[in-house]
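The domain 'Lon N-terminal' feature in TrEMBL is assigned to 108-349. Marked as ATP binding site by TrEMBL: 504, 505, 506, 507, 508, 509, 510, 511. According to TrEMBL, the domain 'Lon proteolytic' annotation covers 745-929. The annotation active site is assigned in TrEMBL to 835, 878.
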């Protein structure tokens with residue numbers, strides 16, 4: 001309790017003293033006097049990087065011109081120093097005077113320094129924005145000499161650390177708490193005393209007693225949101241902040257500090273002082289910015305052996321951080337101050353050396369580049385004078401002329417005239433003009449094309465047959481057509497371009513055979529795809545007026561191959577797009593017309609190009625999406641799917657060997673049995689092409705490679721692996737196609753039909769069942785995603801079957817009085833086409849007569865309303881699908897007999913085929929049989 005009472009009494013006493021002293025005028029005028037004779041020297045700190053005009057504006061020029069005005073004030077800290085005043089005729093400049101006795105300035109205005117503390121004896125500009133502080137300082141300047149306390153602001157981390165220390169001290173005794181943190185005491189609204197944190201704690205306790213030499217107002221602008229002022233401060237001596245006397249502007253009570261006594265004759269201090277001087281000299285060699293500072297120090301102070309001031313001088317010349325400089329300011333021990341300054345100066349010298357090295361390297365590089373540039377320019381001028389070298393434009397024109405000269409005899413006159421005009425135009429253009437690059441690119445293309453250059457080709461039928469058979473199995477129609485092309489070329493002595501279009505399901509080898517054809521003819525090969533192409537410029541080229549314009553694909557082909565008779569494969573021609581840039585299909589009309597492509601006009605070149613010797617090979621999956629005029633210009637060769645035997649041969653001859661090589665199994669004996677291969681083709685890869693078969697073989701051999709690698713790592717190498725039927729599940733999983741046949745024996749009302757798809761042929765079932773019976777209720781309902789044509793076929797079939805049933809069984813009114821539902825599985829697959837007429841009529845007749853169709857029989861054909869059977873398409877695909885499904889008897893229209901006779905013997909083997917022209921014949925083969 002006694003301790004608390006004492007603490008309370010101390011706080012009341014402090015409040016009374018601070019209130020009394022706060023009423024005093026902070027701005028104490030300097031007591032009159034004279035400048036002592038000992039005041040000499042001047043130090044201007046150029047390391048603060050202050051521009052001379054600004055310093056002159058602030059009045060620093062008056063300091064430099066007055067030998068008596070000095071940043072280092074001799075005897076200013078002496079006890080007997082008298083006061084000082086300005087010359088009566090000066091209000092802004094004046095010479096620096098003694099600050100008077102410390103007791104004359106017990107409290108000063110506090111000026112916060114945002115960075116770098118002010119060292120005693122150093123002049124430094126400071127920018128402030130506190131309007132009240134600026135006004136107070138101006139008032140002090142008007143009334144006489146102004147002195148302030150310059151204190152470095154604490155960092156945010158330091159303020160946080162002080163707050164944490166203050167909170168930690170709450171648990172200590174009252175007097176310990178008072179010693180760790182200064183507080184001010186105020187009266188609360190309720191009359192109770194309240195303690196507050198000292199508002200000056202955001203500044204360091206140790207600062208510098210400084211004279212305000214000049215004040216310059218800075219008006220508000222875009223860089224300064226509010227009006228500010230720049231002070232020119234000259235440091236005199238060190239201060240310790242004791243407490244806050246006034247808040248706005250801040251006035252603090254201070255204690256003037258003196259350096260600790262030292263022995264000037266101490267050898268260590270002498271040696272350190274000499275080393276500081278030597279280090280400052282070294283610093284001047286690497287950083288001449290400090291040269292003026294040292295010159296003023298030497299001229300006006302003439303004493304390099306004053307350790308305290310030398311230490312402050314050295315510290316002011318360092319670019320160290322604020323904390324290190326503040327530590328030097330707070331050091332009252334001369335020896336410690338010298339040691340700290342020497343350390344910072346050494347670091348500054350090293351930084352200066354590093355800066356010099358960097359500057360030297362950059363200067364050497366720049367000098368070397370400039371020297372090389374000047375020499376190269378001189379060399380060019382000398383060579384040009386001697387005729388040894390021409391400028392870039394002349395060399396470019398000569399390059400174009402040299403490239404074009406061997407082709408001049410075979411170039412058309414129109415093209416020759418354009419090239420000569422462009423060369424003449426290029427010679428008159430400046431290289432810096434935009435037209436120069438346009439003309440240059442145009443000539444690049446014109447002179448690079450193979451005008452009249454025909455590549456060698458081999459018109460050898462035996463060689464071509466060998467190459468085509470080595471790369472592809474089957475495809476006899478395509479091979480025959482290429483051999484015909486070679487034979488005509490042999491007899492005529494030259495070849496002309498052709499447009500051959502190969503149409504077939506995916507995976508049958510349409511694209512790959514194009515490369516084989518080029519190899520067989522020994523011609524250059526170029527391929528590009530037009531699938532999804534919607535820009536006419538891809539075919540015809542861009543106009544030269546566009547930025548980045550280029551010729552079309554065919555002109556690029558000629559430049560790439562270097563001949564005018566390559567083999568060009570245009571892939572996916574049935575998938576051309578159409579957009580706002582035009583219709584590429586229409587642009588191909590000129591390209592693929594033998595009567596027009598001899599003078600093909602590209603938009604970029606704008607001169608005729610001869611494409612009549614190019615062999616065009618196009619590929620498509622279907623012909624329906626190819627426009628009629630374009631299709632009319634093509635010679636169509638159909639590629640049907642492969643039967644199982646052909647797939648086995650292809651797998652054994654080509655695919656299996658390639659899959660082994662890709663899997664790294666050259667040294668391991670691996671084999672797939674014939675039974676496993678047959679099941680793989682029949683149950684896993686039933687599509688028309690062999691692409692899926694290739695994927696499955698690669699999958700099998702990858703798993704075999706994994707087994708071999710694992711066995712090798714375990715020290716049990718495998719010499720051979722055989723894949724049998726029972727192993728297929730482990731290698732490729734469950735078969736996606738169990739069978740095409742839904743019924744082993746078709747019941748009444750179900751008939752097997754044949755269909756053509758883009759993937760090849762397939763079998764489908766047509767099912768009929770009664771829904772309702774009654775007088776006059778004969779009607780038909782269809783399901784199974786049937787198209788419009790197929791729905792019309794079902795209506796025709798229902799009408800014809802009612803009439804035909806009356807002729808066969810006059811008393812049978814089943815179709816007239818029964819509502820029927822016809823379904824075509826699978827329901828998720830869209831179906832359309834007229835070729836299911838025979839099958840639909842047969843299904844209705846089978847249901848009405850309650851008699852199943854002959855087993856293992858399938859049919860196709862379009863039927864008219866009078867019963868005539870019309871021919872259909874896709875005979876080969878449908879025949880292959882029937883063989884795959886195990887069908888033995890087929891019914892085709894009479895008009896397709898010629899198509900069936902063209903099929904190879906291996907496709908027709910084992911099939912019984914009937915060709916019909918009326919439905920009466922269909923009825924005889926399908927329903928008029930003994931069950």
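Keep in mind that glycine also has a Cβ here, set from the backbone N, Cα and C atoms.
Features recorded in TrEMBL, as mapped to the structure shown.
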{"residue": "504", "record": "ATP binding site", "Cβ within 10 Å": "24"}
{"residue": "505", "record": "ATP binding site", "Cβ within 10 Å": "23"}
{"residue": "506", "record": "ATP binding site", "Cβ within 10 Å": "16"}
{"residue": "507", "record": "ATP binding site", "Cβ within 10 Å": "20"}
{"residue": "508", "record": "ATP binding site", "Cβ within 10 Å": "26"}
{"residue": "509", "record": "ATP binding site", "Cβ within 10 Å": "24"}
{"residue": "510", "record": "ATP binding site", "Cβ within 10 Å": "26"}
{"residue": "511", "record": "ATP binding site", "Cβ within 10 Å": "16"}
{"residue": "835", "record": "active site", "Cβ within 10 Å": "25"}
{"residue": "878", "record": "active site", "Cβ within 10 Å": "28"}
Take the mean position of the Cβ atoms of 504, 505, 506, 507, 508, 509, 510, 511, the recorded ATP site. Which other residues of that chain put their Cβ within 8 Å of it?
619, 621, 639, 688, 689, 691
What does the structure give for the C-alpha distance between residue 510 (ATP binding site) and residue 835 (active site)? Integer Å is fine.
27
Round to a whole number and give the Cα-to-Cα distance in Å for the pair residue 835 (active site) and residue 511 (ATP binding site).
30
Between the C-alpha atoms of residue 505 (ATP binding site) and residue 878 (active site), the distance in angstrom, to the nearest integer, is 13
